[in-house]
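As given in Swiss-Prot:
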TRANSMEM  3-23  transmembrane segment
BINDING   H219  substrate binding site
CROSSLNK  K252  ubiquitin cross-link
BINDING   C452  heme binding site
Amino acid sequence: MTFLFSTLQLSLFSLALVIFGYIFLRKQLSRCEVDSSTIPEPLGALPLFGHLHLLRGKKLLCKKLAAMSQKHGPIFSLKLGFYRLVVASDPKTVKDCFTTNDLATATRPNIAFGRYVGYNNASLTLAPYGDYWRELRKIVTVHLFSNHSIEMLGHIRSSEVNTLIKHLYKGNGGTSIVKIDMLFEFLTFNIILRKMVGKRIGFGEVNSDEWRYKEALKHCEYLAVIPMIGDVIPWLGWLDFAKNSQMKRLFKELDSVNTKWLHEHLKKRSRNEKDQERTIMDLLLDILPEDIVISGHVRDVIVKATILALTLTGSDSTSITLTWAVSLLLNNPAALEAAQEEIDNSVGKGRWIEESDIQNLKYLQAIVKETHRLYPPAPLTGIREAREDCFVGGYRVEKGTRLLVNIWKLHRDPKIWPDPKTFKPERFMEDKSQCEKSNFEYIPFGSGRRSCPGVNLGLRVVHFVLARLLQGFELHKVSDEPLDMAEGPGLALPKINPVEVVVMPRLDPKLYSLL
C-alpha cells in the first residue's frame, strides 16, 4: 500500500512537473515572441527620465549613438522622458524610413527650438507635416532652388569667389598664412545672404547688422543640438529656463535684422524700385499675397522664417564642408597634388576655372563625396515623428515615436566602406555604386520628403570654391604635424580647431588682376 501511495505521489509530482514545465515553456516562448517584435534598447532606463542619462557628457551625440548601435544593432530605441526615440544606422532600415514609411514619419516633433527660434514652427525645417509645410516646400523647391533659379544667381557665386581669390592673392603674389576656415565662413555667408536679401559683409567686418546676424546664426547652430528636458518631459520645461532665455534673446536679435531687411524690400516695392540683384526675399514677396494666412502664419512671418531657415542651414554647413575638404587634402598631399593635376590637364593654367568645367573633374567630385562621407553636413538627420503606426526594420513603431538616422555611423560602417576611417576619394571612382543615393549607404543630405532642398546649390558652391582655390594656389600646412581633425558640437559637425594654411599663387599674375 505504501509502495502504491509513493508511486502515485511520484506520478502526480511528475505530472505536475510536466504541466509546470509546459506552462513555463509557453511563457518563455511567448516572451520571446514579444521580444522579437520589440526594438532592442540599452539597459538602465530610469523612472520618468528613461535613458536621458546615457546622452550626457562631452562626447558627440552621433558617436554616442554609434557606440550603442555597435552593441544593440542597426536599429535600437531609447526611452527619453515621455517619448521613445528610434535610431537607425544601416541601409535597409534607413530605406524603410525614407521610402516605405517616408510619409508615415514625415512630421516633426514640437520642440523648444522650433517654437522660440523657428517663428513658432513656421520654419521649413521645423514645421510639422501638413498643408503649410507642403505649400512652403513646393515654393522653395520650384521657385528658389530649381536648376533655373540656381543658374540665374551664378553671378553671385562668381563674384564672391573672385573676392576670396583676390583677398588671398594680396596683390603682390607672395606667400602668406591665412585662417582659411574663417575666410570660408565669410565667403559662404555672403553667397547665401546676397541670394536671400542682397546683403554682404567684408572679410573681418564686425558690428554691422549682417555681422550680428551671422554671429547669432552660429549660436543657433550650437543651441539647436543641446538636449532640452522640456522637449521630452513637458511639465519639467521650467528647468530649461536658461536655455530658453538664450533662444529668446537670439531670436530677438535675428528677427530685428530680418524685420529691417523685410521693411527695406517692402519700401522699395512701394516705390517701384528694383535692385540689380533679384533676391529670394523678392521672390517670396511676389509669390505670397499680402493677406495670405497659412496654418495661422501670416505673410511676413512666412518670409522671415524661410529666410532664417535657409540661411541657417545653408551657410555654415557649406563653409564647414570646405574646411574639412582642405584639411583632409593638407593631411593627404598626394590627393591634393592629384586634384591640381586634374585641373591643370582639364582646364589648364591660362584661364580661370568656371562652374561649367566641374563636370569634367571626376577626382575633384570624388574628393567632395569622400569629404561628405567622413564629415556629413548633418551627422544626424532632423528628428522625425511617426504620424501613424508603421513597421521599420521589421519592428512595429507606434504613432508618436520619434526617429532619426545616424548618418555619421552609416558612412563609417566597415561592412559598407572598406577602411572607413581613411580618406580615400578613389573609392568613389572605383565603385560607382558607392555614390548611388538609392542604395541608402551614402546620404549626406538626408533623403525623402525632409531631405535638404538646397543640396544642388550647396554642391555647386563647394565644388566651385574648392576648384578655384586648388587651381589658383599651392596650399601647405604651417608645420610638419598632421592637422588635428577633432569635431565639435553643432548641426553641421564643425571642426574644433582653426585651420591655418600657407598659400602661394601658382598662376600667371595677370590672371589674378583680371578678377
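Residue 1 is the first one shown; counting continues down the chain.
For all residues, glycine too, the Cβ spot is worked out from N, Cα and C.
Owing to the predicted nature of the structure, the values given are computational and were not obtained by experimental measurement.
Structure with Swiss-Prot features highlighted.
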{"residue": "H219", "record": "substrate binding site", "Cβ neighbours (10 Å)": "16"}
{"residue": "K252", "record": "ubiquitin cross-link", "Cβ neighbours (10 Å)": "11"}
{"residue": "C452", "record": "heme binding site", "Cβ neighbours (10 Å)": "21"}
Legend entry - Assigned element (helix, strand, coil) containing the residue listed as 'ubiquitin cross-link', judged by DSSP: helix
Legend entry - Nearest-integer angstrom distance between the alpha carbons (Cα) of H219 (substrate binding site) and K252 (ubiquitin cross-link): 13
Legend entry - Pairwise CA distance, K252 (ubiquitin cross-link) versus C452 (heme binding site), rounded so that it is a whole Å: 26
